[in-house]
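Student: Below you'll find the structure I mean.
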């Protein structure tokens, strides 16, 4: 799997974006063809799909965790389906405590703490396990662009800082799909940000289904220490902004590609940088799950989702779910 950082031309158009535009048109045609020919699988439970229309982190994982907690509180049986990005998974697997991030993906390890989670590469392989588990609801993480799965309820996550970037499709831009098409079909839109004050113009036509959400720290970290931050997630800028808002003393940071599998050389380099700055290494939960054997040497910033309109979410979810 090719792992890319979010390039600047995905946010602001330049000559590179325009040079890549012909490939984006091919991508658009192939996506249309794939969707047109697909016959969606209807699973024997209500499917809540959490996705986005762009590449990079938009807070999907935190939304899935929020939904899992909500359904559990309401005594609704559910399972979570994750694509297991960054893993070497060969077959559909129910994630267990002994699994590693390399086996089932970093997101899989995180999500399994909140309910039964299945790591799957292909929709067709999920059905036997669903028939065995018999959940009332299936939360699907990042299958929005998959035309082979029927969705009963769709939540679209939008990062309020990046929004839709330069509005070009991959690879000229960050978009997987036309935003209007995605937003028109969505049941709910989560506008995810560390600082929110108003709805962007692009989302005002959908204001009745927009939920403002913040990703906020949920654990206590010593603010008298120096920290060197690193991450291998889709939107590292949000992580660094969260650290800044938490008023931690960040003396430096390093970014890796999304779902990055760290090498020993990477760790040695990070230790060296931290020592140079008399600092402690700090990272995201998604990265932290890859370092179980080093947890005493690395600090994790835990976060959770805080939303401004839980009543709207409850009304929509339990009306359909």
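For all residues, glycine too, the Cβ spot is worked out from N, Cα and C.
Pasting the feature list from Swiss-Prot:
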BINDING   54, 55, 56, 57, 58, 59, 60, 61  ATP binding site
Student: Once the chains shown are all counted, how many other Cβ atoms turn up within 10 Å of the Cβ of residue 60 (ATP binding site)?
Tutor: 21
Student: Given the recorded ATP site (54, 55, 56, 57, 58, 59, 60, 61), which additional residues of the same chain have their Cβ within 8 Å of the Cβ centre, ordered by sequence?
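Tutor: Neighbours within 8 Å of the Cβ centroid, excluding 54, 55, 56, 57, 58, 59, 60, 61: 52, 157, 159, 234, 235.
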Student: Where's the emptiest Cβ shell within 10 Å among the binding-site residues 56, 57, 59?
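Tutor: So among 56, 57, 59, the binding-site residues given, the one with the fewest Cβ atoms within 10 Å is 56.
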Student: Once near-sequence residues are set aside, which residues in the chain of residue 58 (ATP binding site), 6 or more away, have Cβ atoms under 8 Å from its Cβ?
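Tutor: For residue 58 (ATP binding site), the qualifying residues are 52, 157, 158, 159, 162, 192, 234, 235.
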Student: Let me know how many other Cβ atoms fall within 10 Å of the Cβ of residue 55 (ATP binding site).
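Tutor: So the number of other Cβ atoms within 10 Å of residue 55 (ATP binding site) is 20.
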Student: For residue 60 (ATP binding site), what is the secondary structure state per DSSP, taken as helix, strand or coil?
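Tutor: Helix, per DSSP.
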